[in-house]
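Participant: Before I ask anything, let me first share the structure, which is written out below as structure tokens.
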Amino acid sequence: MKAKEIDRLKTVLSYNILDTPAEEDLDKIAELIAMVCEVPIAIISIIDDRRQWYKAKVGVDNDEVPVEDSFCQFTLIEDRFLEITAVQDDERVKGKPAAQGVDGLKFYAGVPLKAPDGHNIGTACVASSKPHKLTEKQKKAFELLADQAMTLIDAKRSNQILGDELKTILDRQKSILKKSIKQKESEFNALIQAISLSNALVQFNPDGTIFEANQIFASYLGFTSEELRGIHHDELLFEEDRKNNKAFWESLNQGNFKSGQMKRKHRSGKEIWLLATYNPILDSEGKVFKIIKIAQEITSSIESRKALQKAKDDAIQLNIQKDNFLANVSHELRTPLHAILGFTKLLLEEETDTIKTEYLNAVKTAGDNLLFTVNDILDLSKIESGTILIEQLEFDLHQLIHEVASFLKIKAVQKKISFTVEIDAEVPKWIIGDKNRLGQILINLIGNGIKFTDKGYVKLKLERVRENTSQVILKFRIQDTGIGIALEKLSMIFDRFSQSDEKISRRFGGTGLGLNISKSLVEKMDGTIEVSSKEGLGSEFSFTIPFQRGQQPIEKSKEAAVSFTQSKQVIKILLCEDNEINQALVKTLLRPANFDLVIASNGEEGIQRFQEMDFDLVLMDIQMPIMDGYQTTIYLREKLHTQVPIIALTANYMLKEKQKCLELGMNDYLSKPFKKEELFEKIYLWGDSVNKKQLITKTEEDQAAEASVDLNVLKEYSCGDEAFEHEMMQMFIGQVEKWKTAMDNHMAIADFKNIADSTHKMKSSFGVVGADTKDLINLEDLAELEDIAGIEAVYSRVIQYLKIVIPFLENKMKK
Ligand code: ADP
């Protein structure tokens, strides 16, 4: 075969892919050619090396013909339009099968179909069994239509090639995808396999029935894998958990993943805990077709956690019991101790015999020491349980130092060592803080100084470290020239029960609690404590605490006391107290003065006595049989509607208890053991009806001064308009009520921001009526410091203050 023919065949081959039946368009062209040429036969065909393939035809039945039998092979050879008008005479074709017989072809005309590369891939031809000849026009039209047919074939081939290319690309992609799906599938299976080796694995149908569970899962629940197959998830749950299970499965069916600790029922009925995940698996349409659960058993860790929680709860409960026990024991110890000390003091006042006085002093010292120890133990338990509260009240620091110094001076004198106090000029006189706790720290540190010093001196130095608008920071140094502390002991000197030397503890006594309590108290006041010492040379303990500056409060008690001593009035007092020693002590203490004392041994008896006669004052013990002090007060206030002053005699000097007394309607409190002077002061303040009457008849200015309300402020605002003043007062009273409710809520949840905000708003209302805003400013500062104990203390002071201010304003409005 010639090279040219080979090239042509290549082109033909590229068209031979057109093995689909001829398209309608090609058929129409064949029809058109037959019509134009006015012949019955027209064929559009492709010719390869062996056959002529009819792609469109009119007037013939067969679809192909061998090349050697075809007329068109000559059109191809001719390579242009070929017309044979007398087939029977033409040497090339007269012997061909189609030319034979009566109906054999007499006429033939063909046009080669030329591909864009110049090769003829086939022909368009017309034929007839009658002689015929094409006109010039027909020939032209025939050629044009043949051209059209070629264009169509070409377009179809291009489309097909494109389509094939696309198909190849798609096929390739499909096979890549298939491979990766296969890969993923085997990875997934390997994963499931790996998971199921060490985890419980269950596969559920979307309705919650198990279709496969591995041996691990089955063994968790006491079943075999076969036994689990087909059972519903519900059956693994306890009755009470089943009601929520429907919703659980609905959610899983929505494709939601679930995980957590789940309680399941073992075959034996016992609880099993699983840490499980439920994974919905989606089909290609996004529908859940199964749910795979992976789980691990955690029953033992849940049980141990429960046991741990129980142990913790028990420990907390035990701690509460311990606190109560300690509080009760300390009460039981302090009550008789209080009596011993009280009576000893009375005896000492009367005793003239020196030897007896010495013995009595020994009893007093021992009692004082015992009281310290009992108080230390109580403090310790309060520090541990976090119930210790630090008061924030105004007090005279210089006075406190004076009291502490005179108390300790006696001991220093007894030991023949010097004890001096130096206070810097910048140290303020009035500060806000917890006077008693500060005193306790000083007594402990100075007391230790004196205890551990045999010659030389003990010095208390007080200096101001720094001051800013809200705080003054004070440093207390306690220096001594005593035995000092060994270097290796210094680091643990503040630890509980630590004493630097056993010999020392035998020689000096003590419990080793004092420094630990002092440190806790200093830290509770936001301060720091430190020590430096040289063995044999002496020690310096120093602590630094920030305080707020205070102002001298109005001292009503002193005034009352003075006026009382001038009055000849007899005060009728009801003492509700169950302890006979305490009854006797109060009786003895009150004997020399102008009092009429009636004693009741419990609250019920107290109420009876109260109904039988008039009293000016009630002294109320808290812990009493039958009816305690709280219940009795509620009865007196709510059932008998009496306003007679009630003073609580509290055993536990806890702030909360004091607050509770005030809230229940008592007027004041006195912590046991109390001193004679303290008891008298309270009685003078609350019990003197003459004095009270004097108070009532005070001038408006006096009352205003007492209420510390500056009436001029409102007057300035109102320019003398009294109606306006009353309106403002009324508004103020309304706001106070709202503020109190809000504050109670905020304080209950320690919401410092709202405490500060609502107090800030209230401050301007206080300002308008001329009330004292100092404590509100304090409250704002304390809220910023997030000091809830301070807030509670100052807030209760504000409430006390309002108890004077509001009746004063109400009184003023009536006029
Ligand atoms: P207590 O004095 O009741 O034993 P403290 O906690 O107050 O308990 O003191 C603990 C120990 O610290 C004391 O026993 C003593 O060994 C040592 N210590 C405290 N203060 C001094 C001091 N000023 N000089 C020497 N040692 C001291």
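One-based numbering along the chain as shown.
Keep in mind that glycine also has a Cβ here, set from the backbone N, Cα and C atoms.
Predicted automatically and left uncurated, TrEMBL annotations should be read as such.
Worth saying up front: this structure is predicted, and the values here are computed from it rather than measured.
Checked TrEMBL, it gives:
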type	residues	note
DOMAIN	184-256	domain 'PAS'
DOMAIN	258-310	domain 'PAC'
DOMAIN	328-549	domain 'Histidine kinase'
DOMAIN	572-687	domain 'Response regulatory'
MOD_RES	Asp621	4-aspartylphosphate
Participant: Averaged over the domain 'PAC' (258-310), what pLDDT does the predicted model reach?
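Facilitator: Reported value for the domain 'PAC' (258-310) is a mean pLDDT of 91.
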Participant: Mind giving me a neighbour count for Asp621 (4-aspartylphosphate)? Other Cβ atoms within 10 Å of its Cβ, every protein chain shown.
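Facilitator: There are 27 of them.
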Participant: Count up the helix, strand and coil residues in the domain 'PAC' (258-310) according to DSSP, in that order.
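Facilitator: In the domain 'PAC' (258-310), the DSSP-based counts are 12 helix, 30 strand, 11 coil.
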Participant: Is Asp621 (4-aspartylphosphate) helix, strand or coil when read with DSSP?
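Facilitator: Note: Asp621 (4-aspartylphosphate) is in a strand by DSSP.
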